[in-house]
There are 4 protein chains.
Amino acid sequence: MKYGIIGYSGRMGQAIEELFAEAGHQLVYKKDEKTTKEIEKPELIIDFSLKEAFAETVAIVKAKEVPLIIGTTGLEAADFAKLKELAAEVAVIQSFNFSIGINILSELIQKVNNYLDQDWDIEISETHHRFKKDKPSGTAIMLSELLDQNPEMHSKRLGSEFGEHEIDFASTGELLTLKHRAYSREAFSKGVLISAQKIINMEPGFYKFSQILK
Amino acid sequence: MKYGIIGYSGRMGQAIEELFAEAGHQLVYKKDEKTTKEIEKPELIIDFSLKEAFAETVAIVKAKEVPLIIGTTGLEAADFAKLKELAAEVAVIQSFNFSIGINILSELIQKVNNYLDQDWDIEISETHHRFKKDKPSGTAIMLSELLDQNPEMHSKRLGSEFGEHEIDFASTGELLTLKHRAYSREAFSKGVLISAQKIINMEPGFYKFSQILK
Amino acid sequence: MKYGIIGYSGRMGQAIEELFAEAGHQLVYKKDEKTTKEIEKPELIIDFSLKEAFAETVAIVKAKEVPLIIGTTGLEAADFAKLKELAAEVAVIQSFNFSIGINILSELIQKVNNYLDQDWDIEISETHHRFKKDKPSGTAIMLSELLDQNPEMHSKRLGSEFGEHEIDFASTGELLTLKHRAYSREAFSKGVLISAQKIINMEPGFYKFSQILK
Amino acid sequence: MKYGIIGYSGRMGQAIEELFAEAGHQLVYKKDEKTTKEIEKPELIIDFSLKEAFAETVAIVKAKEVPLIIGTTGLEAADFAKLKELAAEVAVIQSFNFSIGINILSELIQKVNNYLDQDWDIEISETHHRFKKDKPSGTAIMLSELLDQNPEMHSKRLGSEFGEHEIDFASTGELLTLKHRAYSREAFSKGVLISAQKIINMEPGFYKFSQILK
């Protein structure tokens, strides 16, 4: 397929370009804060840029009338309203986390949550590299919000760990542990690739990445 | 409630008696290979005895017309046919593993299995105490049969580990690990207690423990 | 051997009695808060009682002139002074933790500590059953004091976990993890048994359990 | 410092060049199978090439009279004899594994091995990416040879795992686990950097990397 990236010089943009190239796809439109380069009209646009560029992204997608995959962080209610408006015209897939594993983990946590009564202890742990300042991670908070209980959170900051999340459920008889580790940014770019393969045949509409996975 | 145990002098029988006593239930009928003691007619019967005693267990339950919870191992197709016949008259809950966690784990594995394509590596590991001879454990085999793939199996025999099962799913981007550890036989007796609390109000019929959990 | 226990009705006393019986040793003297029973003069005395009983323990050992193994918690500087005085006459082995594994772990941590410069991140985690109130555990504090750095501590309270301690050392290139899990009180009673087997042939003197292990 | 790399276009050569550049060192001599480029005489030479190039490496180092750090795999007894001959003239540091963590782990395993009697179960597990064909890994074999016992080995091949080794020691009372994970090739290039910093002030002689670490 022929695709475009907004925010192509960022880390996610680079990871997407690498993985898509391996899969034989062609980057025909690329844009970042400073430059725009269009070789050909893309069949879809992938946006991993900044919240500040959001209005421009929407305008570009509207003008080109192509589907949008958007993973830009920090979007708020007003932005989602605009995305849904755009989704009347083109297919839009949005997520703050395109990891397949984290999305499956979220499903699993909800399933376990439905089984358990109050007699289970639940704790969440996450480990990230030493340079990550925020504790707990956004993903850990997102996972905790899937639970009826309010679990204790633990944050380790160790070496170069790319990102590990663990959730423990324990009764007095047993312990169930669900754990996810991202090896690299490829954990996310793979989810974008899956989304891209599907979005080119999808009807206009607003979709979460978790819906695409099913 | 007033309940009975067939196989009450076995390890599971003892664990059930202990947990049920804590929960305020009264053991009014108990039977093992050598002795039978009936203080009062039980409201339900729990069988954790041996395959050899199966015909007698069915006869007793039929005579008393009370529900049956059965965890005896080694039952075969013919035995299940008899259980289902019995289930026309009384409620019957059967499982080879009454651990809540293992049953939830089975559900989770099936869910993950549905998400994954062939590009995921899957391996199963189990750890048990040094005295466990069979490798891999029956539970590990049961878990492996839930998967489309045929995963590699690893068996560790270490110290006094009561029982740990782990399943790893990995793509080139990420790793998802589901892990269960039983602390003690209470992992199983708790599932029996939950079954007992429900079975006294259930219609005749044959139920797997996993259906009770939902 | 013929041995005695002070504090024999406590949990550690019971665990010691069980393990020593399996090893063919004979409990000939037992004492707790309420009763004293002496069948024969013991060859050594094991004390797992309370700090409150310490003065009496010392008096008994002095009178009987037999070696002492003492694991009573809460002993302070003045108590140690008395133990060392007693050690002029009989062999005394003292420890707050008779687990072989925890003592080896302590040695390993000191060894790793000597190798590392300030560019390593160190974190300590411990997991215990839901009923353990104090955080972090005494053992976790003891382990942290072996390090030049002041590591971050994490305490999980989950189900029936008997006791798990983990220490992570990470640079930007790699992660080294040392982990200990006690399966049961046998982790401690085994260390007492090893001490008992050695103490009957030892010269008077004050010994830490870690010295006995070497 | 001004240094040279033989085998500079290989993966380890690249990783070394990157880390040394960050540390402010200057690559003045580089050689691989096809090309040699010498800007200036190096103060030391690092060799991560192939066994086939070994004779030439020795000749170059002899001619330049500079210290040598060598991590080339597959060296045999005759090669070590030549290295020791060379070590009469210059300092030589050799290892098949320049990871600080693996070297510390080796020390720890030897220490634990000295403490344990035959009543401990020992098992070794290693996990590497799906593309690693050999099982068990060379490092796992090397670690197993440090033990008196002959431990069971487990090899998992999962996703993109760079390299994880675990060793479990268990008695009926407790479990001690030592685990190492390399995040990336930096685990090894850091050890080369430490060696380089020391070797420029070292007397002629043959040294293992483990001696340098102490």
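Numbering starts at 1 and runs along the chain as it is shown here.
Positions of Cβ are set from backbone N, Cα and C atoms, glycine also.
According to TrEMBL, the protein carries these features:
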{"type": "ACT_SITE", "residues": "C:K132", "note": "active site, proton donor"}
{"type": "BINDING", "residues": "C:G7, C:Y8, C:S9, C:G10, C:R11, C:M12, C:G71, C:T72, C:T73, C:S95, C:F96, C:N97, C:F98", "note": "NAD(+) binding site"}
{"type": "BINDING", "residues": "C:H129, C:G138, C:T139", "note": "(S)-2,3,4,5-tetrahydrodipicolinate binding site"}
{"type": "DOMAIN", "residues": "C:1-98", "note": "domain 'Dihydrodipicolinate reductase N-terminal'"}
{"type": "DOMAIN", "residues": "C:101-213", "note": "domain 'Dihydrodipicolinate reductase C-terminal'"}
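Overlay of TrEMBL feature records on the structure.
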{"residue": "C:G7", "record": "NAD(+) binding site", "DSSP class": "coil"}
{"residue": "C:G71", "record": "NAD(+) binding site", "DSSP class": "coil"}
{"residue": "C:F96", "record": "NAD(+) binding site", "DSSP class": "coil"}
{"residue": "C:H129", "record": "(S)-2,3,4,5-tetrahydrodipicolinate binding site", "DSSP class": "coil"}
{"residue": "C:G138", "record": "(S)-2,3,4,5-tetrahydrodipicolinate binding site", "DSSP class": "helix"}
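The recorded positions in question are C:R11, C:H129, C:K132, and the one with the fewest Cβ neighbours inside 10 Å is C:R11. The residues of the domain 'Dihydrodipicolinate reductase C-terminal' (C:101-213), classed with DSSP into helix (H, G, I), strand (E, B) and coil, number 41 helix, 34 strand, 38 coil. Across the fold, the C-alpha of C:F98 (NAD(+) binding site) and the C-alpha of C:G138 ((S)-2,3,4,5-tetrahydrodipicolinate binding site) stand 14 Å from each other.
The (S)-2,3,4,5-tetrahydrodipicolinate site, placed at the center of the C-beta atoms of C:H129, C:G138, C:T139, has further neighbours from the same chain whose C-beta lies within 8 angstroms: C:E126, C:H128, C:K132, C:D134, C:S137, C:A140, C:G163, C:H165. Of all the recorded positions given, namely C:S9, C:R11, C:T73, C:F96, C:K132, those whose Cα is no farther than the 10 Å limit from the Cα of C:T139 ((S)-2,3,4,5-tetrahydrodipicolinate binding site) are C:F96. Here the binding-site residues are C:S9, C:T73, C:T139, and the one whose Cβ sees the fewest other Cβ atoms within 10 Å is C:T73. Reported as a whole number, the C-alpha separation between C:G7 (NAD(+) binding site) and C:G138 ((S)-2,3,4,5-tetrahydrodipicolinate binding site) equals 21 Å.
Looking at C:G7, C:G71, C:G138, the binding-site residues in this record, the fewest other C-beta atoms within 10 angstroms of the C-beta turn up around C:G138. The highest number of surrounding Cβ atoms within 10 Å, among the binding-site residues C:F96, C:F98, is found at C:F98. On the 0 to 100 pLDDT scale, the domain 'Dihydrodipicolinate reductase C-terminal' (C:101-213) averages 96 in the predicted structure.
Here the Cα atom of C:F96 (NAD(+) binding site) is found 10 Å from that of C:G138 ((S)-2,3,4,5-tetrahydrodipicolinate binding site). A distance of 23 Å separates the Cα atom of C:G138 ((S)-2,3,4,5-tetrahydrodipicolinate binding site) from that of C:S9 (NAD(+) binding site). It is 16 Å from the Cα atom of C:R11 (NAD(+) binding site) to that of C:K132 (active site, proton donor).
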